[in-house]
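A.B. asks: Got a structure for you, written out below as structure tokens; questions coming shortly.
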Amino acid sequence: MTVPSAAWTLAAGDELKAPDIEYSQLLPTLIVLGAAAVGIVVEAFLPRRSRYVTQVVLSLVALAAAFAAVIGLAAGGSATSDAQIAGMGAIAVDGPALFLQGTILLVALVSVFVFAERRLEPVAHGAPVDSFAAQPASVPGGEGEQQATKAGWTTTEVFPLLLFAVGGMMIFPAANDLLTLFIALEVFSLPLYMLCALARRRRLLSQEAAVKYFLLGAFSSAFLLFGTALLYGYAGTVNYSGIARVISSADTTTDPVLADTMGNDALLLIGGAMVIMGLLFKVGAVPFHMWTPDVYQGAPTPVTGFMAAATKVAAFGALLRLLYVVLPGLRWDWRPVMWGVAILTMLAGAIVAITQTDIKRLLAYSSIAHAGFLLAGVIATSEDGVSSVLFYLGAYSFVTLGAFAVVTLVRDAGGEATHLSKWAGLGRRSPLLAAVFAVFLLAFAGIPLTSGFAGKFAVFKAAAEGGAGALVVVGVIASAIAAFFYLRVIVLMFFSEPQPDGPSVAVPSAMTTSAIAIGVAVTLVLGVAPQYFLDLAGHAGVFVR
Amino acid sequence: MSFPLLTTTAVVPALGAIATAAVPAARRTAAKWLAFLFSLATLGLAAAVLIRFDPDGARYQLTESHAWIADFGVRYELGADGIGAVMIALTALLIPFIIGAGWNDADPAPGEEEETENKRWRPTQGFFALILAVEAMVIISFAATDVFVFYIFFEAMLIPMYFLIGGFGDRAHAAGEAEGAKQRSYAAVKFLLYNLVGGLIMLAAVIGLFAVTSDQLGEGTFSLQEIARARASGELDIATSTERLLFLGFFFAFAVKAPLWPLHTWLPNAMGESTAPVAVLITAVVDKVGTFAMLRFCLGLFPGASDWATPVVIALALVSIVYGALLAVGQRDIKRLIAYASISHFGFIVLGVFAMTSQGQGGATLYMVFHGISTAALMLVAGFLISRRGSRLIADYGGVQKVAPVLAGTFLVGGLATLSLPGLAPFISEFLVLVGTYSRYPAAGIVATAGIVLAALYVLLLYQRTMTGPVKDEQVRRLPDLRVRELAVVAPLIALLVFLGVFPKPLTEMVDPAVEHTLSDVQKKDPKPQHPTAEQGWFDYKPAAPAEHGGGEHE
């Protein structure tokens, strides 16, 4: 009798048994994770005053190099003809993976600019500081915090944490077996939990957000892991294509140890549902969206921007791969459920957003509604569906980044003025900033000539072609509802009288300025001339199996 | 590659918008002149479009076609038919008058000059830049022969319109400045929500159209010509129920924009709260895109479904005519009165479009032009009056013709044009619409005639209450008459009304062939094509049997 030991990595197929790792294929991820490790060393050994510059430069260089590596792989054909599964069946290097990794890297690159901004907080004790706590380990309001603040300390750990999160996010949509998926999830979630807790102002709110995010996130990770176990019980492997083969009855060999459970459809359905639930949590889809508003509100705004953009990209990538590679055979089971989730997500996000009075919570609910629109594209189950979701993710993430970067600039004595009533009359005080924010809001609302419209049209088109016309109608109605609250903000900014004690707009350094400028540029370019990027997403629409 | 005249006509005002917006805050007057010159240049280009357009030539002329978004099947396709060319000319014609009339509307009121805390806050520049931006988008909409291109600009023009309505109001509001700002912002949001919902429903239909064409032709397309060709050759055959759903999606958006009862309620708010020039922009220019699109897209893309919906649409149009006129009679606010009168007139236009006769559709097209000019004349003079007294209420006036005879006289001519007095241009179009309707739907024609009677009532009552009688109000006694700038705005409009009322031939020659094309679009699917449409003249059209077009039986 054979020992059924850790044979799961080998079960993918004979050609994958080579015990070597294709380092060149995994280069982008390795660069980022390597740089993150170096960042930790920098924290440990470099004097405090030189850490900031070193970390910023290191992060930017690493992300740029990783992006160059992604481009190199794509140019070498890894995205299309030469797509393959690397790392002994653990990681897919194909079009969607590379497209999403590239998007995540660009998002991270812009996020570093916002993270590194040190002009916004007032210089209190001689040193310019950023939006992160002086010493996160100290008790909020305690003596340790005061001392750290007086000393002008800053938390440069955010940069390696960001890089670790990026590394995990890059693996997440590329993961080709369920265990790699789980590990990637943890690798990017844990740094995010920590980043959420690091706000310099309103530290209790920030820590509350982190705890909530952590607890709910841990819960969803548990679902994912349990689902993985059940699927292993069903298929005898955690490899994506291996499970797909068992589902389609192409593989009939039964592992003797799992003879009782293999092929048991109950395990498949429950396991598949649990894994999908884990991913829907990260996506922020109803009914797993509860964490979104609290976390978005409490986390430091640069982190919120990064999280809102990059997590969504990574999680939708993973969801796409799971549904298209592992569970296509189960399409008739998951499609009705996902229909329901998509409709609920679109409508709930749009309707609840109407009552919000805090700009960050408003953007959180808007991100939920957008998750619903994206799900409409996911449901299309066609190549068009994949590429439309990829395009939407790229378009949406830059709008989000830009919008949150603008939020960091509107400040009063208590830090960022996120309450909507304080935004009244902003258009009079700083017309340029208000106009930029209006562009982002119009893009969120999907007004033509912005990237939001092109993205929305792409996913709805894919959904309509996939026979989900009713979903398109619901999506259109949800868009109309959503348009209402985006407009409310515009009305507030331009048509309301400024309040006497209203916030002022901080003058940022070139870094935040360029982050916002990139956001506007991407929004307009993808809105007016999206063809090149649609082509790019179109070529990247095929998963390797 | 010929010179892209249509694109240039749209790009010039767009550039003008950018240039105007970039003028520094202190150089307000320069911004005004810049905007005015750009609008004149656009008018010149639009005139060139009219001259270059050959009424006897191909259906779409001056065409341009470039790849744009291949994935969506979208091509940047422009082309003018007679109707489009005339509408572009109307738009380009009215904008200089709108700019001239609104010359001082966006300036800070005397006294609050120094208050502006921010050098970047430049309302005057913004006002004129937004007007030019709207002009550019409207021109593209009139020229687009690709459904998607049309849709994009149809939707995008809402944004500058929204800021024009919400950001700029009359100097003096009856209920105080704060209440005025609230009302304005309410009107702007109502305008935007109505139109956005309409537009989003149209978006669903646009996507549906793509799904249908990509399903049947192998490659999705939005090109009118391409769809017409495929339909003629039998490659494209939209299922009846699908066609009806798509038609409804498109029609809903256009009915909101037009506006047709019961989707009209945003118009009185928007026109009432905005300044008179912006109100003219709404009713005379932007709303015309809705009725124009019914002709070009509803009838052109979905002939069968248009036939099917005709009875309901005609009923709605009749309700609009009578309802708008009745409410106009009861208004106490001059601008809202004109708004309700416009709703009544849009009813006539829709009636003419869906009467499906050459007189009806030709009349509807002329109606769009003449209504634009006559409403501009009436509304702009009303705006001059309102800005003098600081009140929109009819009751605050009386006896104006004694103190300001020129103002009263121009107001009267504008009013008489609105009530379609023979000899002034709108009479011709209204008459044609009624004749065209009567020849196919006699009952509808008779009901619509009631609109004329009511129009006489509301216009003459308005004139009587504001202009005649003794001067009761002290402020009215000191009203100055029209200034030179104001006269320069109104006089050409009145001259045009008289000229086109006597000699409409140049326009009818442009419109006539285009209407026949549209008509043949609709009748292509007729089961009994007994009347060869191509040889129809202007007045010799004889419908075979009314019932043939009334029912929804034929596929």
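Count begins at 1; order follows the chain as displayed.
Glycine is treated like the rest: Cβ placed from N, Cα and C.
Annotated compositional bias 'Basic and acidic residues' per TrEMBL: B:520-529, in sequence order. Under the heading domain 'NADH:quinone oxidoreductase/Mrp antiporter transmembrane', TrEMBL lists B:144-452. The region 'Disordered' annotation in TrEMBL covers B:520-555. Per TrEMBL, the feature transmembrane segment maps to B:31-51, B:83-103, B:127-154, B:191-212, B:245-266, B:278-302, B:308-330, B:337-358, B:364-386, B:406-429, B:441-463, B:484-503.
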A.B. asks: Would the transmembrane segment (B:83-103) count as touching the transmembrane segment (B:484-503), if touching means at least three Cβ pairs under 8 Å and pairs must be 6 or more apart in sequence?
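C.D. replies: Answer yes: the transmembrane segment (B:83-103) meets the transmembrane segment (B:484-503) with 3 or more Cβ pairs below 8 Å.
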A.B. asks: In the same chain, which residue numbers or ranges, 6 or more beyond the ends of the transmembrane segment (B:278-302), come under 8 angstroms Cβ to Cβ?
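C.D. replies: Residues 81, 83-84, 87, 90-91, 94-95, 97-98, 101-102, 131, 134-135, 138, 141-142, 147, 150, 154, 157, 161, 164-165, 168, 209, 224, 227-228, 238, 243-244, 246-247, 250-251, 253-259, 267, 270-272, 335, 338-339, 342, 346, 349-350, 353-354, 361, 364-365, 368, 371-373, 375-376, 379-380, 383, 518, 521-522 contact the transmembrane segment (B:278-302) from elsewhere in the chain.
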A.B. asks: Under 8 Å between C-beta atoms and at least six residues away from its ends: which parts of the chain pack against the transmembrane segment (B:484-503)?
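C.D. replies: Sequence-remote neighbours of the transmembrane segment (B:484-503) are 97, 100-101, 103, 369-370, 373-374, 376-377, 380-381, 384, 406, 410, 413-414, 417, 422-428.
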A.B. asks: Please give the sequence-distant neighbours of the transmembrane segment (B:191-212): residues at least 6 beyond its ends with Cβ less than 8 Å from one of its Cβ atoms.
C.D. replies: 72-73, 147-148, 151, 154-155, 158, 161-162, 165, 220, 222, 236, 238, 242, 245-250, 252-257, 259, 263, 265-266, 269-270, 301
A.B. asks: Where else in the chain does the transmembrane segment (B:31-51) make close Cβ contacts, counting only residues six or more beyond its ends and a cut-off under 8 Å?
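C.D. replies: Same-chain contacts beyond the ends: 5-6, 8-9, 12-13, 15-16, 19-20, 23, 62, 80, 85-86, 88-89, 91-93, 95-96, 99-100, 103, 122, 124-125, 128-129, 131-132, 135, 139, 510.
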A.B. asks: The transmembrane segment (B:245-266) vs the transmembrane segment (B:337-358): three or more C-beta pairs under 8 Å (separation of 6 or more)?
C.D. replies: yes
A.B. asks: Short question: which residues 6 or more past the ends of the transmembrane segment (B:127-154) have a Cβ under 8 Å from it?
C.D. replies: 6, 9-14, 16-18, 20-21, 31-32, 34-35, 38-39, 42, 46, 60, 63, 68-69, 72-80, 84, 87-88, 91-92, 95, 98-99, 102, 105-106, 160-161, 163-164, 167-168, 199, 202-203, 206, 209, 222-225, 253, 257, 277-278, 281, 285-286, 289, 292-293, 297, 301
A.B. asks: Determine which residues of the chain contact the transmembrane segment (B:308-330) at the Cβ level, with the cut-off under 8 Å and only residues 6 or more beyond its ends counted.
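C.D. replies: Same-chain contacts beyond the ends: 244, 247-248, 251, 255, 260-262, 264, 337-338, 340-348, 350-351, 354-356, 437, 441, 444, 447-448, 450-451, 454-455, 457-458, 461, 549-550, 552.
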A.B. asks: Can you name the far-off residues of the same chain, 6+ from the ends of the transmembrane segment (B:406-429), with a Cβ under 8 Å from a Cβ of it?
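C.D. replies: 338, 341, 345, 352, 363-364, 366-367, 369-371, 373-375, 377-379, 381-382, 384-385, 400, 452, 455-456, 459-460, 462-463, 466-467, 479, 481-482, 487, 490-491, 493-494, 496-502, 504.
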